[in-house]
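Reading through the C-alpha cells given below for one structure.
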Amino acid sequence: MAQHRVELSQPVSDEVRKTTCYMCACRCGIDVHLKDGKIRYIEGNRDHPVNRGVLCAKGSAGIMQHYAPARLDSPMLRTGPRGSGEFRKISWDEALALATEWMGEVRTRDPKKLAFFTGRDQSQSLTSFWAQQFGTPNYAAHGGFCSVNMAAAGIMTIGGAFWEFGAPDWDRTKLFVMFGVAEDHDSNPIKIGISKLKKRGARFVSVNPVRTGYSAVANNWIGVRPGTDGLLILAIVHELLKARRIDVDYLVRYSNAPWLVIDAPGTAEHGLFARDADGKPLIFETVTERAVPAHTKGARPALSGRFRMADGRPVVPSFQLLADEYLDPKHAPEAVADEIGIDVQVIRGLAAEIGRVAFDEAIEIDQPWTDVHGERHQSFVGRPVSFHAMRGISAHSNGFQTARALHMLQVLIGAIDCPGGFRYEPPYPKPLHAHPRPHGKAEHFGSNQPLAGPHLGFPLGPEDLLIDGEGRPARIDKAFSWEAPVSAHGLMHMVIANAHAGDPYPVDLLFLYMANMAWNSSMNTAGTIRMLEAKDEETGDYRIPKIIYSDAYSSEMVAYADLVLPDTTYLERHDCISLLDRPISEPDSVNDAIRWPVVEPDREVRGFQSVLLDLGARLGLSGFVDHRGKPLYADYADYIVRHERRPGIGPLAGFRGAEGDKTGRGAANPDQLRRYIENGSFFSVHIPEEALFFKHANAAYQDFAVKMGFFDKPQPVTFQLYSEELQKFRLSAEGLREPAALDIHRERILAAFTPLPLWYQPLEEGAVDDGEFPYHAITQRPMAMYHSWGSMNAWLRQIHTKNRLYVPGEICDEHGLVDDDWVWLTSHHGRIKVQIARSATANRDTIWTWNAIGKRGGAWALDKDSPEATKGFLLNHLIHELLPPKGDGMRWSNSDPVTGQAAWYDLRVRIEKAEPGEVSEPHFAAQTADKDVPAELRYGQEWAK
Amino acid sequence: MTCLPSNPTPKKLGLVIDLDVCVGCHACVVSCKEWNTGGYGAALSDQDPYGADVSGTFLNRIHSFEVLPEGGEVAAERGEARLIHFPKSCLHCEDAPCVTVCPTGASYKRADDGIVLVDEDMCIGCGLCAWACPYGAREMDLAAGVMKKCTLCIDRIYNETIEEVDRVPSCVRTCPTNARHFGDLADPNSAVSIMVAERGGMDLMPEQGTKPVNKYLPPRPRLPLAAAAAGREDTSGATGFFAWLDGMLDRI
Amino acid sequence: MHPALSIIVFTTASGLGYGLAAALGLGLLNPALVSTKLAHFVALALIGGGLLSSTLHLGNPQRAWRALSQWRSSWLSREGVMAIVTFVPLCISAYAAIFHSRYLLLPGLLGVAGAGVTVYCTSMIYASLKSVQAWHTPLTPLCYLLFAGAGGSLLGLLFAAAGGGDTPILALLSIAFLGAAWTAKLAWRRNMENMDPLSTPESATGLGNLGRVRLFERPHINDNYLTSEMGFRVARKHADKLAKISLIAGGIVPAVLVLGVLASGASGLGVALAALAVLSHAVGMLTERWLFFAEARHAVMNYYGG
Ligand SMILES: Nc1nc2c(c(=O)[nH]1)N[C@H]1C(S)=C(S)[C@@H](COP(=O)(O)OP(=O)(O)OC[C@H]3O[C@@H](n4cnc5c(=O)[nH]c(N)nc54)[C@H](O)[C@@H]3O)O[C@H]1N2
Ligand SMILES: Nc1nc2c(c(=O)[nH]1)N[C@H]1C(S)=C(S)[C@@H](COP(=O)(O)OP(=O)(O)OC[C@H]3O[C@@H](n4cnc5c(=O)[nH]c(N)nc54)[C@H](O)[C@@H]3O)O[C@H]1N2
Ligand code: SF4
Ligand code: SF4
Ligand code: SF4
Ligand code: SF4
Ligand code: SF4
Ligand SMILES: [Mo]
C-alpha cells in the first residue's frame with residue numbers, strides 16, 4: 001500500500017517580523033510569523049544576544065496573549081461603584097481631556113497630590129522623566145516590592161547587582177551557587193547557562209527552602225530555613241578566613257579593605273573613613289608608617305593593626321574590623337547550622353569547595369590589560385566561583401544585609417568580574433556616588449514646576465533624606481524617610497495604605513500603570529480592596545478620590561479605576577529597551593532593543609507611552625512641548641528617535657548619527673527604528689577584548705563606557721566591604737549626626753545599618769510567637785506564568801489552572817493531612833482556607849505555593865467559576881503591609897528597615913485541618929465580566945493541511 | 001499499513017531527553033502546541049478555554065515527580081528527596097502497539113524514518129490507539145474527532161522552506177536548557193546515539209515491549225557537599241591570621 | 001479506564017446477540033416456532049444495535065467503514081470484518097427460519113463459528129492491550145465467550161419457553177455456561193487483584209534506581225483527555241460491592257431462576273422466570289462490563305499518580 005503523503009515543505013508563514021518578547025523582563029528576541037495577517041508562530045530569534053533562539057512557555061504562548069478576550073478595547077469611565085466593574089466606554093478625546101483636566105488641576109494646586117506609580121514596565125526612563133516634569137515627588141516603579149534589596153546592596157557594595165544587571169560567567173565558572181531563585185528576570189539566559197555548566201561538569205549548588213525548577217537540577221541542594229541565608233554566608237566567610245582562602249591582592253587593589261576607619265566612639269566621626277583634605281580616603285603605608293591616600297603609587301597598605309593619624313586620631317584598616325567580626329566563633333558553622341536547619345558538614349563542605357575552586361582551580365586568560373591606576377597586567381586571572389541571588393534573599397526584612405554579605409563573600413575570594421566569576425552587564429558597574437540623590441523635599445517642587453531632579457537615587461547619608469524639619473516623610477510612600485532611608489526604588493506596596501490613611505498626607509489622584517494593586521501585588525489584598533473602596537464619611541467621596549489606571553487586560557485592578565486608559569498588546573506598539581532604563585546587556589556585549597507594531601491594533605487602544613507623551617504635551621510639561629507649547633513628539637516612536645537625555649545620548653544607543661554609523665553617542669538618526677527592525681529589533685556591540693573583565697577597574701572598559709555615553713568621565717568602583725554610608729545613619733541614630741534620627745527609629749537603625757553586613761532575625765519572626773506560628777510560608781514564581789497575566793492565556797492557564805498549598809510530609813503527618821485536604825493557614829494577620837498537596841522536597845518548616853495563580857471571579861474575562869477563582873488562592877491575604885503592633889502600639893511597615901523592600905517571605909503561619917470545602921477562602925464577589933468568550937478554540941484550523 | 005514496517009527502520013528518528021537539566025519550564029509544551037495547532041492536520045483545540053472546565057489537546061506534557069531515596073545524602077535536615085521534571089511526548093516506538101491496533105490504517109509507522117503518524121483523513125477517532133499506548137502519548141482532539149500525536153515535527157524536519165539549522169522539532173529548538181535533542185538513533189555515530197551511549201540513555205517501560213526510539217538520559221550522579229568538607233585545610237583557628245595576612249601583603 | 005456507556009452497551013448487547021445467534025445456529029430452537037423467528041430477529045437486532053452503539057463513541061463515525069481494512073493486525077478491524085462476514089450465515093439462517101421455518105445446518109454452524117470468532121475478536125481488542133494489564137490475559141476472551149454462551153442460552157431458553165418448545169437442554173446449558181463464565185470471571189478478577197503491576201512509576205520514569213517515585217505535579221492540573229479516558233477510578237469498596245451485585249444479578253439469580261424454569265417447563269411461569277433470568281443477567285452483565293472498564297488500570301496512570 002502506498003504510504004500516506006505528507007506535505008513536508010509548506011512555508012511556515014507569509015512574513016516574519018522580528019521584535020522583542022514582553023511576557024517578562026527577560027526581553028528575548030522573537031520572530032513573529034504572520035500568515036493571512038494572523039500570528040502563525042512565534043519562535044526565538046537565533047541571533048538575539050539574550051535568548052539565542054530559545055523561548056520560554058510564556059513567549060511561545062504569545063499568540064494566546066495577543067488574542068486574549070481579556071484585552072481592553074476602549075477607554076472607560078467608571079459608572080458603578082468602585083470594584084463593580086461597571087464602566088461606560090468613552091472616546092480617547094474624552095479620556096485624555098478628562099485626564100488632563102484632573103492632572104492639570106492637581107499640578108497647579110499641589111503637585112504632590114498626584115501619585116504616579118508604575119508596575120514592572122520597561123519604560124521607567126520615560127515614566128520617571130514625565131513624573132519629574134510634572135513635578136510630583138511621588139513617583140516610583142515596582143522595585144520596592146520587587147527586589148530593591150538586591151539592587152541597593154549590590155550598588156552600595158560592588159557598584160552593580162545580580163537582578164538583571166550582572167550574570168555568572170556561564171562559560172567558565174566551575175562552581176555556581178544560586179541563592180533563592182525560582183525564575184528571575186534573566187529567565188532564558190539562566191536556563192541556557194545552567195545547561196552549559198552542567199554539560200561542562202561544573203558544580204551547581206542551589207540554596208533554597210524549596211527544591212523545584214533550577215534547584216531540582218542542582219548538583220547540591222541546601223534547603224535552608226527561610227531568612228537564614230545571611231547566617232550561612234557569614235559562616236562561609238568565617239571558614240574562608242580561617243582557611244586563609246581569600247584573595248589579598250584583589251582586596252588591596254579593588255576594595256576598601258585597607259581604608260582607615262576612624263575609631264572614636266561617641267564622636268560624629270566614629271566609624272567613618274579618615275580622608276585627606278580632598279576627601280580622598282586614606283590607607284596606612286607600612287614602610288613609611290604614614291597615612292597616605294588610597295592607591296598612592298608604591299604604597300604597601302596595612303590591612304590590619306591599629307594606628308594613629310598625624311593628628312592623633314585612632315584609626316584602623318577596615319579589614320581589621322572585618323576580620324575581627326567574622327573570625328569570631330559566633331559565625332562558625334557549628335554556631336549557626338541549627339538555626340539555618342542544615343548540617344554543619346554541608347556548610348564546611350560548601351566553604352571548602354568555594355575556597356578550593358577559587359584558588360586551586362584558578363583560570364587565566366592571556367589578555368594584557370591596564371588598570372585604572374595605570375598598572376599593566378599580562379592576563380585576566382579568574383576565580384571560577386560565581387553566585388547569583390534573587391528574591392529568596394531580598395524579599396526578607398534582613399535581605400539588604402544578606403545580599404551585602406554575599407557580595408562581600410565574592411569580593412573576599414576575588415571573584416567579581418573576573419573570568420569564571422560574577423560579571424557586570426553594562427552600563428554597570430557604576431559607583432554609588434555616580435547615582436543621583438533622591439529629590440522630593442519641599443524645596444524640590446511646587447505649583448506648575450518640574451521636580452528639581454530625579455525622584456529616585458541613593459542617599460549618601462541622612463542629610464539626603466526626603467524629610468521635613470520634624471523628620472516627617474516628604475513622599476506618600478515614605479521612601480527616603482527614617483522608615484526606609486535607602487529605599488532607592490520607593491515603596492509601591494505602601495502607597496494605597498498610606499494614601500488611604502492620609503499619612504503623611506492624602507492624595508487626590510492616584511495614577512497607576514501596569515500594576516495589579518487590587519490583587520496580587522498588594523500585601524493584605526482584602527484590606528487594600530477595602531481601602532480602594534473606602535469613602536470619606538463626611539463628603540461621601542472616595543478616600544482616594546481619583547484613580548487613573550492603564551492596563552492592557554481586564555485585571556482585578558481595572559475595576560477599581562475611575563478612568564481606564566487601555567494599552568495595546570506588546571505586538572501592537574513601539575517600546576524601547578534602553579540603556580537608560582533596565583537594559584538587556586550581557587557581560588560581553590552592550591545591548592538594547594525595541595518593539596514595534598508587528599500587528600495593527602483592531603481596538604480603541606493606544607500605547608501607554610504615546611498616551612503619556614500626549615498628556616505631557618496637553619499639560620504643557622517642559623520636555624514634551626516646544627517653546628510655543630506645541631507637542632515635541634508625534635508619538636513614542638518619534639520620542640525614541642529624537643529625545644536626548646544628554647547631548648548625543650538618547651533612548652537607543654545603536655545606529656546613531658545622521659548616517660546611522662555612530663554607537664552610544666551621536667546625533668538623532670531619523671532612520672534609527674528602521675535600522676533596528678532590519679537588525680532584528682535589537683542592537684549589540686561587543687565589548688573590546690581588553691575591556692571584558694575587571695570592568696570596575698579596567699582602563700579600557702572605563703574608556704569604552706565613556707565613549708558609549710554611560711558616563712562622561714571614568715567611574716571606577718572600589719568595593720565597599722565596609723559601608724561608610726550605613727555608618728552615617730547609625731551616627732544619626734546615636735544622635736551624633738545631623739539630622740538626628742527620630743527616637744522611635746533609633747533602635748531599628750542601629751540594628752540594621754551595621755557598616756559590615758550582619759544577620760538579624762527577620763522582623764516578623766521576631767514579632768510573632770514561634771509556638772503560635774511555627775512554620776514559614778513562601779511563594780515561588782511558576783516558570784510558565786508571569787504574575788497575574790497568564791491566566792487569560794488559554795494555553796498557559798491549562799498548566800496552572802489552580803494552585804495547591806505544598807506542605808512538607810513531616811507537617812502533613814503531624815497534622816494528619818493527605819493530598820487534597822482542606823486546611824486553614826493562619827498568620828498574625830489573617831487566614832485562608834485552601835487545598836493542600838504533600839511535598840517531600842522542601843525545608844521541613846516551609847510551606848509554599850505558586851505565586852499569583854488565584855484570581856478574582858470575573859476578572860481576566862474568565863468564568864466566575866474558573867478554578868483560578870474557586871480553588872486558586874493568594875498568600876497575600878496573610879501578609880500585612882505592617883508588622884504586628886509593638887508594645888508602644890507603633891506598627892512598622894513589613895519591609896526591610898534599610899531599603900523598604902517588601903518582606904513577602906518573612907511570613908509565619910500555622911496550619912490546621914479544615915472541613916472539606918468547595919471554594920478557597922476568602923472568596924470575593926465576582927467582578928462583572930461582559931466579555932464574549934468562545935466555548936472552544938481551534939486556533940489555526942483554517943491552516944489545517 | 002497498520003502492520004509495522006520492517007523492523008527496525010533504516011532510520012530511527014527520535015528525541016533524546018536529558019532529565020539532568022530539564023527544569024520543567026513547559027517551554028517545549030507550548031512551543032509544540034503553537035507549532036502544531038497551525039501545522040500538520042487539524043488544529044489542537046481547547047475546550048472551554050476561558051471557563052471552569054478548560055482542557056485542550058497537547059502533544060507534549062511535563063510531569064514532575066518526587067524521588068525519595070532511602071538513606072540518601074543529607075542535604076538539608078531531611079534525606080535527599082529529588083524532584084525530577086519529566087517531559088513526555090510520543091516515543092516513536094519500534095514495536096508500536098498504537099499502530100497495530102488501529103483498525104483503519106490511519107496510524108502508521110513510516111518505513112524510512114520510523115516516525116509514527118496519524119493520517120487524519122482516515123482516522124475514525126475510535127481512541128483505541130490511545131488505549132494501546134502505555135505512555136499517554138496520543139490525545140484525541142475533541143473538536144476534530146481525530147487522534148493527535150507528536151509528529152516529530154515532520155513538517156519542520158524535512159521542510160526545505162526553512163533554514164537548515166531550524167529543521168528540528170519545535171520543542172527541541174525552543175528548549176532553553178537544551179534538554180531535548182533530535183537525531184537518528186539508528187546511526188551509532190549520530191550525536192544523539194553517542195549521548196545515549198555515554199550517559200546510559202534509557203527506555204521508559206521496557207517491560208511493555210514497545211521498544212521506544214526516544215531515550216531518556218538519567219540525572220547525572222551527584223557528589224555530596226559534605227564530602228568536600230573532609231579535605232579542607234585546617235589552619236587551627238583564627239590565631240595567626242594577621243601574621244599570615246602580613247606575609248601575603250609582603251608578597252604582593 | 002473510563003466506562004463509556006456506548007461501549008458497555010455494545011459489548012453486552014453483542015455478547016447476548018451472538019450468544020443467541022449461536023444457540024439458533026446450533027438448531028437448539030425449533031425453527032417453526034414464532035418465538036424462534038422472533039429470536040432470529042432479536043439476535044440480529046442485538047448484534048446490529050450493539051455495532052451501531054459502538055460507532056457512537058467514534059470521533060468520525062462517517063468513516064467507520066475504514067475500520068474494515070486492517071484485519072491483518074487489528075483486532076478491532078477483525079471484529080468488524082467478522083461481524084459483517086457473520087451476518088451472511090446469520091441472515092441466511094434467519095431467512096430460512098423466518099420465511100421457511102427451516103433450520104439449515106451449514107449456515108447454522110457457520111453462524112456459530114462466526115459468532116464465536118466475532119466475540120473472540122471483540123474480547124481480543126481488550127485482551128491484546130498490554131497497557132491495560134488486567135485485560136491482558138487469556139481469561140478475558142474466555143470470559144467474553146462464556147458470557148456470550150450464558151447470555152445466548154438464557155435468551156434461547158426464554159424464546160424456547162415462550163414458544164412452548166423444548167427447554168431442558170437450554171436450561172442445562174444456561175446453568176453450565178453461567179457456572180463456567182462466573183468461574184472464569186472470578187479467576188479473572190483474582191488475577192487482576194493479585195498481579196504484580198507490570199509497569200510502575202519507577203519503570204515508567206526509569207528513575208527507580210534513585211528511589212521511590214511519586215507524582216508531584218500533573219503536567220496540567222485539570223483533567224485532560226488522557227486522565228478522563230484512562231484515569232477513571234472507582235473506589236475499592238464500591239467496586240467490591242458492584243462485583244457482588246454483578247455476580248448475583250448476572251450469575252446466581254439467573255441460575256436459580258433457570259432452575260425454576262426447569263421445574264415449571266414451558267408454562268407461563270416458566271416464561272416469566274426465563275424473562276426475569278435474562279433481565280437479571282443483562283443487568284449483571286452491564287455491571288460486569290462497567291467494572292471491567294472501571295477497575296482496569298492503564299499504564300499511563302503511572303505518569304498521573306493514579
Ligand atoms: N505573595 C506574593 N506576592 C507578590 C510577590 C511574591 O513573590 N509573593 N511578588 C511581588 C513582585 S516581585 C512583583 S514585581 C509584583 C508583581 O505584581 P504586578 O506588578 O501587579 O504584576 P502583574 O500581576 O503582572 O500585573 C501587572 C498588570 O499589568 C497588566 N499588563 C500586562 N501587559 C500590559 C501592557 O502591555 N500594558 C499595560 N498597561 N498593562 C499590562 C496586567 O494586565 C496586570 O494587570 O507582585 C508582588 N507580589
Ligand atoms: N515565569 C516568571 N518569571 C518571572 C516572574 C513571574 O511571575 N513568572 N516575575 C518576575 C519578577 S517581577 C521577579 S521580581 C523575578 C523574581 O525572580 P525570583 O527571585 O526567582 O522569584 P521568586 O519566585 O520570588 O523566587 C524566590 C525563590 O527564593 C526561594 N526562597 C524563599 N525564601 C528564601 C530564603 O530565605 N532563602 C533562600 N535561599 N531562598 C528562599 C523561593 O523558594 C523561590 O524559589 O522573576 C521575574 N520573572
Ligand atoms: S523569558 Fe519568556 S516571557 Fe520572558 S521575554 Fe523571554 S520568551 Fe518572553
Ligand atoms: S509512544 Fe505511544 S503513541 Fe508513540 S509510538 Fe509508542 S505506543 Fe505509539
Ligand atoms: S483513533 Fe484513529 S488512529 Fe487511533 S486507532 Fe482509531 S482510527 Fe486509528
Ligand atoms: S517533536 Fe514536534 S510534535 Fe513532537 S513533541 Fe516536539 S514539538 Fe511536539
Ligand atoms: S523546554 Fe526543556 S527544560 Fe523546559 S520543560 Fe521542556 S524539556 Fe524541560
Ligand atoms: Mo518583581
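Note that Cβ sites are derived from N, Cα and C of the backbone, with glycine treated the same way.
Confidence for the domain '4Fe-4S ferredoxin-type' (B:13-43), expressed as mean pLDDT, is 97. Marked as domain '4Fe-4S ferredoxin-type' by TrEMBL: B:13-43 (among others).
Helix, strand and coil content of the domain '4Fe-4S ferredoxin-type' (B:81-112), in residues and according to DSSP, is 4 helix, 10 strand, 18 coil. Among the features that TrEMBL reports, domain '4Fe-4S ferredoxin-type' is placed at B:81-112 (among others).
The domain '4Fe-4S ferredoxin-type' annotation in TrEMBL covers B:114-143 (among others).
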Counting by DSSP secondary structure, give me helix, strand and coil numbers for the domain '4Fe-4S ferredoxin-type' (B:114-143). 5 helix, 7 strand, 18 coil
So which residues does the domain '4Fe-4S ferredoxin-type' (B:13-43) touch in its own chain, when a touch means Cβ under 8 Å and the partner is 6 or more beyond its ends? 56, 58-62, 64, 84-87, 89, 91-92, 113-115, 118, 120, 141, 143-144, 146, 148, 150-157, 169-185, 192, 195-196, 199, 201, 212-220
Taking DSSP helix as H, G and I and strand as E and B, the domain '4Fe-4S ferredoxin-type' (B:13-43) has 11 helix, 6 strand, 14 coil
